[in-house]
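Novice: Below are the features listed in Swiss-Prot for this protein:
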- T29, L30, G31, P32, D86, G87, T88, T89, T90, G413, D477, A478, L479, D493: ATP binding site (BINDING)
Amino acid sequence: MAKMLKFGEDARRSMQVGVDKLADTVKVTLGPKGRNVVLDKKFGSPLITNDGVSIAREIELEDPYENMGAQLVKEVATKTNDVAGDGTTTATLLAQAIIREGLKNVTAGANPMLIRNGIRMAVDKAVEEIKKISKPVEGKEDIARVAAISAADEEIGKLIADAMEKVGNEGVITIEESKSMGTELDVVEGMQFDRGYVSPYMSTDTEKMEAILDTPYILITDKKITNIQEILPILEQIVQAGRKLLIIAEDIEGEAMATLVVNKLRGTFTCVAVKAPGFGDRRKEMLEDIAILTGGTVIAEELGRDLKEVTLDMLGQAESVKVSKDNTVVVNGKGNPENIKDRISQIKAQIEETSSEFDKEKLQERLAKLAGGVAVIKVGAATETELKERKLRIEDALAATKAAVEEGIVPGGGTAYINVIKEVEKLTSDVQDTELGIKIIVKSLEEPLRQIASNAGVEGSVIIEKVKNSEVGTGYDALYGKYVNMIKSGIVDPTKVTRSALQNAASVSATFLTTEAAVAEIPQKEPAMPAPGMGMDGMY
């Protein structure tokens, strides 16, 4: 297929138009007085949001060169979202500023390769200084502040802080749509997996159709149990001990199932059987997790263990087990805390090593089940449009909170970028064009605060000067229009978000400046549809 070509200044300017179109759409959402953007959807109601990456993903431009520029900046937002989960609007804004300032110098004859070196030097210095002013997150109050700033809603901040307090930093917090109007928190403590009882006759509470076992023994095996004789020796020992039993097996059917159900109905012995969670290798790992959590042993075929030889010390134990039609929850397993800690470290190492997003997600779930539990935030609203918008804000706030726990917090509202300018300005280079690269970053670091001020309806330049000349940590509270100590006032950003936004923006923008030619496909003109025939065939 034939291609179109553009060179030099012409190519860069065309792409810059696309960058500006995307960034101008996204940047109106920045700050406490930022507005929302409406995104049209082919199906369902339009989406109203202030989430930078959701807006960027929707933008496709007609002109192929402009679209190239827009797609490059879209990558900045997407990468920042992948790494930090928030800060996508800031990243887009910084990319626009670096490209704008950089192109002025390239047009004036500066060498883009040397400018790129200066940009890299300045960004490395800025990131180093951001880390120096970073403070660790201390307690529930700091977590609530980070989430509240990200979501622009104190109630959401409190909700996320509660969730993190209950399941711990390693716990999994999921966000679901609620059927009700309100937003609420639901916490599942202990290990939950999505397998229910194999027979409804095993339920102990017929009204709720649940089986609740207090201090049960837990038999964990990857075998299929069909013959009651296989497990009869261990069943007799459990009956003598006067305890209940949970069986986790590949499957339980035939005579074995019938015998257990009959004994349950007669009141002789309470036993609940569930199928093992997961599939293939993941099933083996999950059974091992359950065994470590409950202090039991997996009776596995490949390890040469036989069900007839099982003794009580091979069984796991827990404070209680709750089994419904679809789920099983094991609360307070009696496993050795040291073994559980070692297993958690092992899973963390696997998370670091894996490159697959799917595997990472599954490992994270296993980690949460071992470490704390699962919290579900159920988002409610009056209409579907409001629900989608609210859900996106909570997702961003949750990601920001996790980032803050990892790397700490810095003064928010663009203040951290202003605070590091003095140190970046001290950088020097013998090469003039590299010096220009440093100055480009110094100018671009002002942009987030300028935009926050602009969205609040005030002149940014005056505010930037005032913050520059104030002590580190003092910034502009755009909501109330006053200068405050940002950390004390609870206006904070996660260090990881602040750092990632700058690094990703600089990475793409510096490469953009080195562009000397652009190649695009010639748009194909769709032929007009032929007009339908008006006559009726075969009639005269």
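Sequential numbering from 1, following the chain as shown.
For all residues, glycine too, the Cβ spot is worked out from N, Cα and C.
Fair warning: this is a prediction, and the values are worked out from it, not measured in the lab.
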Novice: Do you know which of the binding-site residues D86, D477 has the most other C-beta atoms within 10 angstroms of its C-beta?
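Specialist: For the binding-site residues D86, D477, the Cβ with the most other Cβ atoms within 10 Å is D86.
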Novice: What is the biggest Cα to Cα gap, in Å, among T29, L30, G31, P32, D86, G87, T88, T89, T90, G413, D477, A478, L479, D493, the residues listed as binding ATP?
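Specialist: In whole numbers, the farthest two Cα atoms are 21 Å apart.
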Novice: Near the Cβ of T88 (ATP binding site), how many other Cβ atoms are there if near means within 10 Å?
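Specialist: Here the count is 31.
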Novice: Using Cβ atoms only, which residues of the same chain lie under 8 Å from L479 (ATP binding site) while being at least 6 residues apart in sequence?
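Specialist: Looking at Cβ-Cβ distances below 8 Å from L479 (ATP binding site), excluding near sequence neighbours, one finds P32, K33, A456.
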Novice: Three-state secondary structure of D477 (ATP binding site) from DSSP?
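Specialist: In the DSSP reduction, D477 (ATP binding site) maps to strand.
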Novice: Write out the long-range same-chain contacts of G31 (ATP binding site), meaning residues 6 or more apart in sequence whose Cβ is under 8 Å from its Cβ.
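Specialist: Looking at Cβ-Cβ distances below 8 Å from G31 (ATP binding site), excluding near sequence neighbours, one finds G413, Q451, I452, A453, N455, A456, A478.
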Novice: Identify, among the binding-site residues T29, T90, the residue whose Cβ has the fewest other Cβ atoms within 10 Å in this structure.
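Specialist: Each of the binding-site residues T29, T90 was scored by Cβ atoms within 10 Å; lowest is T29.
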